[in-house]
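Residues or ranges marked as signal peptide in TrEMBL: 1-25. The annotation domain 'MIR' is assigned in TrEMBL to 28-82, 90-145, 145-201.
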Amino acid sequence: MISYKSQTWIVVALTVFTRFPQSFAAKKNFVTCGSIVKLLNTDYNVRLHSHDVKYGSGSGQQSVTAIELKEDVNSHWIIKAPTDKYCERGEPIKCDEIIRLEHLTTKKNLHSHYFASPLSGDQEVSAYGNNGFGDTGDHWQLLCSNDVWLRDARVRFRHVDTGAYLGLSGRSFGRPIAGQMEVAGLGSLHRDGTRWTTAEGLYIAPKEKEAEYAHTEL
(Lines of atoms letter the chains of each structure in order from A and count residues from 1; the text may use other names and numbers.)
(Lines give C-alpha, C1' and ligand atoms only; values in the text may rest on other atoms or scores of the structure.)
Protein backbone atom coordinates (compact mmCIF):
# COMPACT_ATOMS: atom_id res chain seq x y z
CA MET A 1 0.00 0.00 0.00
CA ILE A 2 1.28 3.49 -0.83
CA SER A 3 1.87 5.60 2.27
CA TYR A 4 0.22 8.99 2.77
CA LYS A 5 3.60 10.67 2.36
CA SER A 6 4.21 8.85 -0.92
CA GLN A 7 0.72 9.72 -2.19
CA THR A 8 1.32 13.38 -1.40
CA TRP A 9 4.61 13.35 -3.32
CA ILE A 10 2.96 11.66 -6.30
CA VAL A 11 0.17 14.23 -6.51
CA VAL A 12 2.67 17.10 -6.27
CA ALA A 13 4.87 15.55 -8.97
CA LEU A 14 1.92 15.04 -11.30
CA THR A 15 0.73 18.63 -10.99
CA VAL A 16 4.03 20.44 -11.51
CA PHE A 17 4.08 21.83 -15.05
CA THR A 18 7.72 20.97 -15.73
CA ARG A 19 9.32 18.38 -17.97
CA PHE A 20 11.99 16.32 -16.23
CA PRO A 21 15.26 15.54 -18.08
CA GLN A 22 14.90 12.53 -20.34
CA SER A 23 15.57 9.42 -18.28
CA PHE A 24 16.52 5.86 -19.07
CA ALA A 25 12.82 4.90 -19.02
CA ALA A 26 12.04 7.56 -21.61
CA LYS A 27 14.92 6.47 -23.83
CA LYS A 28 13.87 2.83 -23.64
CA ASN A 29 10.21 3.79 -24.10
CA PHE A 30 8.98 1.11 -21.70
CA VAL A 31 5.79 1.16 -19.64
CA THR A 32 6.74 -0.20 -16.24
CA CYS A 33 5.25 -1.50 -13.01
CA GLY A 34 4.46 1.31 -10.58
CA SER A 35 4.17 3.95 -13.29
CA ILE A 36 1.22 6.35 -13.12
CA VAL A 37 -0.26 6.98 -16.54
CA LYS A 38 -3.18 8.38 -18.46
CA LEU A 39 -4.56 6.00 -21.08
CA LEU A 40 -5.62 7.62 -24.34
CA ASN A 41 -8.18 5.90 -26.54
CA THR A 42 -6.78 6.40 -30.03
CA ASP A 43 -10.11 5.76 -31.78
CA TYR A 44 -11.94 8.59 -29.97
CA ASN A 45 -9.03 10.72 -28.63
CA VAL A 46 -10.30 10.63 -25.02
CA ARG A 47 -8.67 9.57 -21.75
CA LEU A 48 -9.78 6.81 -19.37
CA HIS A 49 -11.32 8.49 -16.33
CA SER A 50 -13.09 7.85 -13.04
CA HIS A 51 -14.49 9.90 -10.16
CA ASP A 52 -16.62 9.45 -7.04
CA VAL A 53 -19.89 9.16 -9.01
CA LYS A 54 -21.74 5.84 -8.87
CA TYR A 55 -23.76 4.24 -11.62
CA GLY A 56 -27.50 4.65 -11.16
CA SER A 57 -28.11 1.16 -12.56
CA GLY A 58 -26.28 -2.15 -12.88
CA SER A 59 -23.79 -2.74 -10.07
CA GLY A 60 -24.11 0.73 -8.55
CA GLN A 61 -20.31 0.83 -8.30
CA GLN A 62 -18.10 3.82 -9.09
CA SER A 63 -18.46 4.84 -12.73
CA VAL A 64 -15.67 4.78 -15.30
CA THR A 65 -15.88 7.10 -18.30
CA ALA A 66 -13.63 8.77 -20.86
CA ILE A 67 -13.03 12.51 -21.26
CA GLU A 68 -11.35 14.87 -23.72
CA LEU A 69 -9.77 17.13 -21.07
CA LYS A 70 -6.07 16.38 -20.82
CA GLU A 71 -5.32 18.06 -17.47
CA ASP A 72 -7.84 16.25 -15.21
CA VAL A 73 -6.09 14.49 -12.29
CA ASN A 74 -8.91 11.93 -12.14
CA SER A 75 -7.53 10.29 -15.29
CA HIS A 76 -4.39 8.91 -13.57
CA TRP A 77 -4.01 5.13 -13.15
CA ILE A 78 -1.27 3.17 -11.33
CA ILE A 79 -0.01 0.03 -13.08
CA LYS A 80 0.14 -2.89 -10.63
CA ALA A 81 0.48 -6.66 -10.53
CA PRO A 82 -2.58 -8.93 -10.21
CA THR A 83 -4.17 -9.51 -6.80
CA ASP A 84 -1.78 -11.39 -4.44
CA LYS A 85 1.08 -11.00 -6.94
CA TYR A 86 4.05 -8.65 -6.97
CA CYS A 87 5.97 -6.79 -9.65
CA GLU A 88 9.18 -4.83 -9.11
CA ARG A 89 8.84 -1.06 -9.46
CA GLY A 90 10.36 -0.12 -12.80
CA GLU A 91 10.00 -3.62 -14.26
CA PRO A 92 8.79 -3.44 -17.91
CA ILE A 93 5.30 -4.87 -18.42
CA LYS A 94 5.37 -7.75 -20.90
CA CYS A 95 2.81 -8.29 -23.64
CA ASP A 96 0.16 -10.85 -22.60
CA GLU A 97 0.89 -10.12 -18.92
CA ILE A 98 -2.01 -9.69 -16.49
CA ILE A 99 -2.15 -6.37 -14.64
CA ARG A 100 -4.39 -4.19 -12.50
CA LEU A 101 -5.04 -0.49 -13.05
CA GLU A 102 -5.67 1.36 -9.78
CA HIS A 103 -7.34 4.77 -9.92
CA LEU A 104 -4.93 7.16 -8.24
CA THR A 105 -7.50 9.47 -6.64
CA THR A 106 -10.08 7.02 -5.28
CA LYS A 107 -7.83 3.93 -4.83
CA LYS A 108 -10.32 1.67 -6.65
CA ASN A 109 -9.36 -0.76 -9.40
CA LEU A 110 -10.54 -0.81 -12.99
CA HIS A 111 -13.10 -3.62 -12.92
CA SER A 112 -15.66 -5.45 -15.03
CA HIS A 113 -18.35 -8.11 -14.59
CA TYR A 114 -21.55 -9.38 -16.24
CA PHE A 115 -23.70 -6.31 -15.55
CA ALA A 116 -24.97 -4.41 -18.60
CA SER A 117 -23.44 -1.00 -19.24
CA PRO A 118 -25.97 1.83 -18.73
CA LEU A 119 -26.12 3.36 -22.22
CA SER A 120 -25.26 0.69 -24.79
CA GLY A 121 -26.10 -2.53 -22.96
CA ASP A 122 -22.57 -3.80 -23.49
CA GLN A 123 -20.64 -5.01 -20.42
CA GLU A 124 -20.29 -2.59 -17.52
CA VAL A 125 -16.82 -1.32 -16.57
CA SER A 126 -16.56 0.17 -13.08
CA ALA A 127 -14.04 1.08 -10.39
CA TYR A 128 -14.11 -1.34 -7.47
CA GLY A 129 -12.37 -2.21 -4.20
CA ASN A 130 -10.86 -0.38 -1.26
CA ASN A 131 -7.33 1.04 -1.04
CA GLY A 132 -6.26 -0.99 -4.05
CA PHE A 133 -7.68 -4.30 -2.83
CA GLY A 134 -10.38 -5.98 -4.91
CA ASP A 135 -10.83 -9.33 -6.65
CA THR A 136 -10.15 -11.15 -9.94
CA GLY A 137 -12.63 -8.87 -11.72
CA ASP A 138 -9.83 -6.29 -11.58
CA HIS A 139 -7.52 -8.35 -13.82
CA TRP A 140 -6.76 -7.26 -17.39
CA GLN A 141 -4.51 -8.97 -19.91
CA LEU A 142 -2.33 -6.60 -21.91
CA LEU A 143 -2.49 -7.38 -25.63
CA CYS A 144 0.31 -5.94 -27.74
CA SER A 145 2.60 -6.96 -30.60
CA ASN A 146 6.04 -6.45 -29.03
CA ASP A 147 7.87 -8.28 -26.25
CA VAL A 148 7.04 -5.50 -23.76
CA TRP A 149 4.58 -2.62 -23.49
CA LEU A 150 6.01 0.39 -25.34
CA ARG A 151 4.74 3.85 -24.52
CA ASP A 152 3.91 4.79 -28.12
CA ALA A 153 2.32 1.43 -29.01
CA ARG A 154 -1.39 0.86 -29.52
CA VAL A 155 -2.52 -1.86 -27.13
CA ARG A 156 -5.73 -3.55 -26.01
CA PHE A 157 -6.89 -4.81 -22.63
CA ARG A 158 -8.79 -8.10 -22.33
CA HIS A 159 -10.79 -8.68 -19.15
CA VAL A 160 -9.60 -12.00 -17.76
CA ASP A 161 -12.81 -13.17 -16.05
CA THR A 162 -15.21 -12.38 -18.90
CA GLY A 163 -13.12 -12.11 -22.08
CA ALA A 164 -14.46 -8.64 -22.92
CA TYR A 165 -12.21 -5.89 -24.30
CA LEU A 166 -11.86 -2.50 -22.63
CA GLY A 167 -13.35 0.03 -25.01
CA LEU A 168 -15.79 2.81 -25.77
CA SER A 169 -19.34 2.26 -26.93
CA GLY A 170 -19.42 5.60 -28.78
CA ARG A 171 -22.22 6.94 -26.55
CA SER A 172 -22.07 9.91 -24.16
CA PHE A 173 -23.70 10.56 -20.79
CA GLY A 174 -26.00 13.38 -19.73
CA ARG A 175 -26.12 14.77 -16.18
CA PRO A 176 -24.31 14.63 -13.80
CA ILE A 177 -21.38 13.70 -16.08
CA ALA A 178 -22.56 15.34 -19.29
CA GLY A 179 -20.35 14.85 -22.32
CA GLN A 180 -18.28 12.04 -20.81
CA MET A 181 -18.19 8.91 -22.94
CA GLU A 182 -19.31 5.45 -21.87
CA VAL A 183 -16.50 2.96 -21.22
CA ALA A 184 -17.64 -0.64 -21.62
CA GLY A 185 -16.47 -4.19 -22.09
CA LEU A 186 -16.85 -4.98 -25.79
CA GLY A 187 -17.29 -8.46 -27.19
CA SER A 188 -14.93 -8.05 -30.14
CA LEU A 189 -11.46 -6.52 -30.32
CA HIS A 190 -12.25 -5.46 -33.90
CA ARG A 191 -14.83 -2.88 -32.78
CA ASP A 192 -13.86 0.78 -32.81
CA GLY A 193 -12.87 2.02 -29.37
CA THR A 194 -10.67 -0.85 -28.17
CA ARG A 195 -7.27 0.69 -28.96
CA TRP A 196 -5.30 2.53 -26.26
CA THR A 197 -1.91 4.14 -25.83
CA THR A 198 -0.19 5.84 -22.91
CA ALA A 199 -0.23 9.62 -22.67
CA GLU A 200 0.86 11.89 -19.81
CA GLY A 201 2.23 10.34 -16.65
CA LEU A 202 5.02 9.58 -14.24
CA TYR A 203 7.07 6.68 -15.62
CA ILE A 204 9.29 4.66 -13.29
CA ALA A 205 12.66 3.78 -14.83
CA PRO A 206 13.69 0.15 -15.35
CA LYS A 207 15.58 -1.05 -12.26
CA GLU A 208 18.93 -1.64 -13.97
CA LYS A 209 19.52 2.10 -13.69
CA GLU A 210 19.44 4.27 -10.59
CA ALA A 211 15.98 5.60 -9.81
CA GLU A 212 14.94 8.18 -12.37
CA TYR A 213 11.58 9.43 -13.56
CA ALA A 214 10.22 10.46 -16.93
CA HIS A 215 7.55 13.04 -16.20
CA THR A 216 5.40 13.96 -19.18
CA GLU A 217 2.54 15.76 -17.48
CA LEU A 218 1.56 18.96 -19.30
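Backbone N, Cα and C define each Cβ position, glycine as well.
Secondary structure of the domain 'MIR' (28-82) per DSSP (helix as H, G, I; strand as E, B; remaining residues coil): 4 helix, 27 strand, 24 coil. Sorting each residue of the domain 'MIR' (90-145) by its DSSP state yields 3 helix, 28 strand, 25 coil.
Confidence over the domain 'MIR' (90-145), given as mean pLDDT on the 0 to 100 scale, stands at 97.
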